[in-house]
Amino acid sequence: MKPPILAIVMSTVISGTIMVLISSHWLTIWIGFEMNMLAIIPILMKKFNPRAMEASTKYFLTQATASMLLMLGIIINLLLTGQWTVLNMPNPIASNMMTAALAMKLGLSPFHFWVPEVTQGVPMSSGMILLTWQKIAPLSILYQIAPSMNPNLLMAMAIMSVLVGGWGGLNQTQLRKILAYSSIAHMGWMVAVTTYNPTLMLLNLTIYITMTLGTFMLFMLNSSTTTLSLSHTWNKLPLIASLILMTMLSLGGLPPLSGFIPKWMIIHELTKNDMAIMATFMAMTALLNLYFYMRLTYATALTMFPSTNIMKMKWQFESTKNTTLLPPLIMISTMLLPLTPMVLTLF
C-alpha cells in the first residue's frame, strides 16, 4: 500500500475510534464504528492474497451484523425513551441487544469464531491493530453502559470466553491464532469485572494492549508466524529469545510480571463481591493459557534445536526493522508489578 493512502486510511481508523470515545449521542457513536470498520478493511488486505481477502470478508460480515444489532438496540431505546443519550437505558431488551452487538465486535464467546480466522488470514501488522486498537471503541461503550447491563449475561459470556480462550489455544502452532485465543480470554477477564468495577477493565485493557503490542513486535522483528520458525530464534537472536520468554509469561499472568496485576485485581474484586467460586474458576482456566505460553517459551528459549551455522562469525543480515517502541513496551509489559499501588491510584 502506498504511504499517502495508508496515512489516509489509518487516520480514518483513528478518527472513527476517537469519535466513539468522545460521543455521548448514539448516532455519532454508530457512525464512528462504521468509519472504523470500513477503514480497517484495506489495512487487513494490505498484502493482497486469497487468505487476506477471505479474512477481510469474514471481518466485514461479522462487524456489519454487529452494527445492525447495535442500531436495532439504539432504535428500540429511542422509541421507549425518546432520546439518543448513552447514559439512559432503562429497557432490558435494548440493553441485551447492545451487549450482544458489542460482544460480537469484541469477539467475546459465543461470537468469537471470527477472531482466530481473521487474525490468521491477515499480515502480522494488521493482526496487531485488530487485536489492540480495535478493542478500544467497543470497550469504551461497554464502560459507559455498564450500570444498565444484565450482569448474568455478562458473566456467562465472560466464563465462556475464558474457557474458549484457554481450550482453543492448546493445540495451535500458529502464533497469530494463539494470540487471537489469548485475546478472547483477556476480553473474558475484562467483561467479568465490568459490572463490579469498570475502571479495572480499563487497567486490564491498558496492560493487555502493551503486552500484545510488545509480543507482536517481537514476532515481526523475527518474522515468525509458527512455533517452528520461533524455535530457531535462539540461534539468530538469543536476546530476543529471552525477551519473548518474558513477554509470553507476562501475557499468561505469571506473578512477578506485569500481566499478573490485572488478574490479581480482578480476582480480588470478584472475591469482594461474593463471587469467590467464579474467581477460582477463572484462575484455574488461566492455567490453560499459561500452559500454551509455557509451551511456546519452551520451544523458543529453553530448547536448542540443531544449529544450522557451524561458523562462529555472524552470518545473518542485520534486521532493518524499526524497534524504537520495543524497549519501553517490553519494560511496561514485564516490570510493572512493583508499581501496582501507583497504578491503582492512577486508575
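Glycine is no exception: its Cβ is also placed from the backbone N, Cα and C atoms.
Since we're looking at a predicted model, the values are computed, not measured.
Positions annotated as domain 'NADH:quinone oxidoreductase/Mrp antiporter transmembrane' by TrEMBL: 23-287.
The domain 'NADH dehydrogenase subunit 2 C-terminal' annotation in TrEMBL covers 290-343.
Taken from TrEMBL, the feature transmembrane segment covers 5-22 (among others).
What TrEMBL lists as transmembrane segment is 28-45 (among others).
Residues or ranges marked as transmembrane segment in TrEMBL: 66-87 (among others).
Here the transmembrane segment (152-171) has long-range neighbours at 96, 99, 103, 108-110, 112, 116, 177-178, 181-189, 191-192, 194-195, 278, 281-282, 285-289, 291-292, meaning same-chain residues at least 6 beyond its ends whose C-beta is under 8 angstroms from one of its own. Annotation source TrEMBL lists transmembrane segment at 152-171 (among others).
Residues or ranges marked as transmembrane segment in TrEMBL: 178-196 (among others).
Look at TrEMBL and you will find 202-221 (among others) tagged as transmembrane segment.
Summarising the annotation, TrEMBL assigns transmembrane segment to 233-255 (among others).
Sequence-distant contacts of the transmembrane segment (275-305), counting only residues of its own chain at least 6 positions beyond either end whose CB sits under 8 Å from a CB of the stretch, comprise 155, 158-159, 162-163, 165-167, 169-170, 172, 175, 178, 182, 185, 188-189, 192, 196, 227, 230-235, 241-242, 244-245, 248-249, 251-254, 263, 266-267. Among the features that TrEMBL reports, transmembrane segment is placed at 275-305 (among others).
Below 8 angstroms of C-beta separation, residues 203, 207, 210-211, 213-215, 217-218, 221, 243, 246-247, 250-251, 255-261, 264-265 of the same chain, each at least six residues beyond the ends of the transmembrane segment (325-344), sit close to that stretch. Among the features that TrEMBL reports, transmembrane segment is placed at 325-344 (among others).
Under 8 Å from some Cβ of the transmembrane segment (178-196) lie the Cβ atoms of residues 103, 106-109, 112, 115-116, 118-120, 127, 131, 135, 139, 142-143, 146, 149, 151, 154-155, 157-166, 168-169, 172, 204-205, 208, 212, 215-216, 251, 262-263, 265-266, 269-270, 272-273, 275, 278, 282, 285-286, 289, 292-293, 296, all in the same chain and six or more residues away from its ends. Tertiary proximity for the transmembrane segment (5-22) is limited to same-chain residues at least six positions away from its ends with a CB under 8 Å from its CB atoms, namely 28-29, 31-40, 42-43, 129, 133, 136-137, 140-141.
Residues 182, 211-212, 214-215, 218-219, 221-222, 224, 262-263, 286, 289-290, 293-294, 296-297, 300-302, 304-305, 307-309, 316, 330, 333-334, 337 of the same chain sit 6 or more residues outside the transmembrane segment (233-255) yet have a Cβ under 8 Å from a Cβ within it. Nonlocal intrachain contacts for the transmembrane segment (202-221), taken as residues 6+ away from its ends with a CB within less than 8 angstroms of a stretch CB, comprise 124-125, 127-128, 131-132, 135-136, 139, 143, 175, 179, 182-183, 186, 189-190, 193, 230, 237, 240, 243-244, 247-248, 250-251, 258-259, 261-262, 265-266, 319, 321, 323, 325-326, 329-330, 332-333, 336, 343-344, 347.
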